[in-house]
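Read through the structure below, which is laid out as structure tokens, and then see the notes.
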Amino acid sequence: MSLSNKLTLDKLDVKGKRVVMRVDFNVPMKNNQITNNQRIKAAVPSIKYCLDSGAKSVVLMSHLGRPDGVPMPDKYSLQPVAVELKSLLGKDVLFLKDCVGPEVEKACADPAAGSVILLENLRFHVEEEGKGKDASGNKVKAEPTKIEAFRASLSKLGDVYVNDAFGTAHRAHSSMVGVNLPKKAGGFLMKKELNYFAKALESPERPFLAILGGAKVADKIQLISNMLDKVNEMIIGGGMAFTFLKVLNNMEIGTSLFDEEGSKIVKDLMSKADKNGVKITLPVDFVTADKFDENAKTGQATVASGIPAGWMGLDCGPESSKKYAEAVARAKQIVWNGPVGVFEWEAFARGTKALMDEVVKATSRGCITIIGGGDTATCCAKWNTEDKVSHVSTGGGASLELLEGKVLPGVDALSSV
């Protein structure tokens, strides 16, 4: 899945035109303060390019959180983003209190030249995702005629459409696939993301190592299976390693994560690895806890000793870190998706931090290192390594689906060239 046959912003004529742009401003917030502005910064090049190329206006639309189709301005308003964007662009940003309807259409019909307008959260309308919940929390589906009206209103806000929301590219939502304008182009962030993943997956440097962490095997089956066709080596860490170790080594895992559904496929995945000559590295030792708590009592365990009843593994131990470091040292290209421990808690962060240090070291010797978004991107922000690896993806789910070999609807919907 690459952008090679899709229209991109650098080939789109925006002079004198109103540009309606889908961006991903779904940023983490605490008490209405933005805690990480990576996604806002990532959209700035596309916005600036439009303004510098003489666009009449740039109308920005995004979601934030999961309001499920119910307006929740106190909790999920994009207003703080408008303030942040103003300081990043160094120019005024007009914030509108809705994203569709006559008032919004009027404000966007003939704005002053060079205007930047940010619409309120798309997901305050159930028609964006097509489904949501009502005020009492019951599931509701959007009516087809209302979805059509919602999409028609968004389509009136610009003359050309740009999609720079890689983080939502795996969702067939109204703002991603339903804006009906003659020219639909991918923005610079979309282009950068897809180029990185296309090169990584279609013509990788070798040896190619995948580091896969996270909790559930079942969620990652497609990922593991697809990557086994592409890589030379794979580290399987994090919570899902326990399912592998219990099945393969009959290891006692205490109350560590065990994925019943995923456990049935472990042997198939291992025989595929064997057939493809992929070297698999699993953890050999662990930092354990007597409960799932930041301040739990901690202990140590190995695969051989097992984890005692009532205890759980929440991080890998020093011997595992050594094995991981050896695999990283052999690699010329690394794709990393999912942490190898509960990195949010200091007592269980050491394994992921040690691995991050090795990946940074590998990058400095010329290895191509790609961090799939989500939790692993959060690790980069936490340890300040965003500019010490080759690429940190802004899309967790979207990068995961690319690595699984899927077509992204948001990219599919762009104009072909």
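Note that Cβ sites are derived from N, Cα and C of the backbone, with glycine treated the same way.
Within the same chain, residues at least 6 positions away in sequence whose Cβ sits under 8 Å from that of Q38 ((2R)-3-phosphoglycerate binding site) are V27, A377, A381, E386, V392, T394. In three-state terms derived from DSSP, Q38 ((2R)-3-phosphoglycerate binding site) belongs to a helical segment. Residues annotated as (2R)-3-phosphoglycerate binding site in Swiss-Prot, with similarity to another entry given as evidence: V23, D24, F25, N26, Q38, R39, S62, H63, G65, R66, L122, R123, H170, R171.
Per Swiss-Prot, the feature ADP binding site maps to G214, G238, F343; the stated evidence is similarity to another entry. In the three-state DSSP reading, G214 (ADP binding site) counts as coil. Non-local contacts of G214 (ADP binding site) by the CB criterion (under 8 A, 6+ apart in sequence, same chain) comprise K220, G238, G239, M240, N337, G338, P339, D375.
D219 (CDP binding site) falls within a helical segment according to DSSP. The CDP binding site feature in Swiss-Prot is assigned to G214, D219, G238, G338, V340, F343; the stated evidence is similarity to another entry.
As annotated by Swiss-Prot, Mg(2+) binding site applies to A215, A218, D219, D375, with the evidence given as similarity to another entry.
Taking Cβ-Cβ distances under 8 Å and a sequence gap of 6 or more within the same chain, E344 (ATP binding site) has no neighbours at all. What Swiss-Prot lists as ATP binding site is A215, K220, G239, G313, E344, D375, T376, and the listing cites similarity to another entry.
Counting every protein chain shown, the Cβ of K220 (ATP binding site) has 25 other Cβ atoms within 10 Å. Feature annotation from Swiss-Prot assigns AMP binding site to A215, K216, K220, G239, G313, E344; the stated evidence is similarity to another entry.
The annotation phosphoserine is assigned in Swiss-Prot to S4 (among others) on the grounds of similarity to another entry. For S4 (phosphoserine), the same-chain residues lying six or more positions away in sequence with a CB closer than 8 A to its CB are A198.
Same-chain residues at least 6 positions away in sequence with a Cβ under 8 Å from that of K6 (N6-succinyllysine) are, in sequence order, A185, G186, V411, L414, S415, S416, V417. Positions annotated as N6-succinyllysine by Swiss-Prot, on the basis of similarity to another entry: K6 (among others).
Per Swiss-Prot, the feature N6-acetyllysine maps to K11 (among others); the stated evidence is similarity to another entry. Under DSSP, K11 (N6-acetyllysine) is assigned to a helix (H, G or I) in the three-state scheme.
Per Swiss-Prot, N6-acetyllysine is recorded for K75 (among others). Taking Cβ-Cβ distances under 8 Å and a sequence gap of 6 or more within the same chain, the neighbours of K75 (N6-acetyllysine) are G65, P67.
Under a cutoff of 8 A between CB atoms, and with a sequence separation of 6+ in the same chain, the neighbours of Y76 (phosphotyrosine) are L64, G65, P67, N121, R123, F124. As annotated by Swiss-Prot, phosphotyrosine applies to Y76 (among others), with the evidence given as similarity to another entry.
DSSP classifies K86 (N6-acetyllysine) as helix under the three-state reduction. The N6-acetyllysine annotation in Swiss-Prot covers K86 (among others), and the record cites similarity to another entry as its basis.
If you look up Swiss-Prot, you'll see K97 (among others) marked as N6-(2-hydroxyisobutyryl)lysine, on the strength of similarity to another entry. Less than 8 angstroms from the CB of K97 (N6-(2-hydroxyisobutyryl)lysine) sit P73, E120, each of them six or more residues away in the same chain.
Per Swiss-Prot, the feature N6-acetyllysine maps to K131 (among others); the stated evidence is similarity to another entry. Sequence-distant contacts (6 or more apart, same chain, Cβ under 8 Å) of K131 (N6-acetyllysine) comprise G69, K139, V140, K141, A142.
Other Cβ atoms within 10 Å of the Cβ of K191 (N6-succinyllysine) number 20 in total over all chains. DSSP gives K191 (N6-succinyllysine) a helix state. The N6-succinyllysine annotation in Swiss-Prot covers K191 (among others).
Per Swiss-Prot, phosphoserine is recorded for S203 (among others). The C-beta environment of S203 (phosphoserine), restricted to residues of the same chain at least 6 apart in sequence and closer than 8 Å, is empty.
Of all Cβ atoms in the protein chains displayed, 25 besides its own lie within 10 Å of the Cβ of F25 ((2R)-3-phosphoglycerate binding site). In this entry, AMP is bound by A215, K216, K220, G239, G313, E344, whose most widely separated C-alpha atoms sit 21 angstrom apart. For K216 (AMP binding site), the nearest of the recorded positions F25, L122, K191, K291, T376 in terms of C-alpha separation is T376.
Each residue contributes its Cα atom, and for S62 ((2R)-3-phosphoglycerate binding site) and T376 (ATP binding site) those atoms are 23 Å apart.
Between the candidate recorded positions, K11, K86, H170, K216, K361, the densest Cβ environment within 10 Å is the one around H170. L122 ((2R)-3-phosphoglycerate binding site) sits 27 Å from K11 (N6-acetyllysine), taking the Cα positions as reference.
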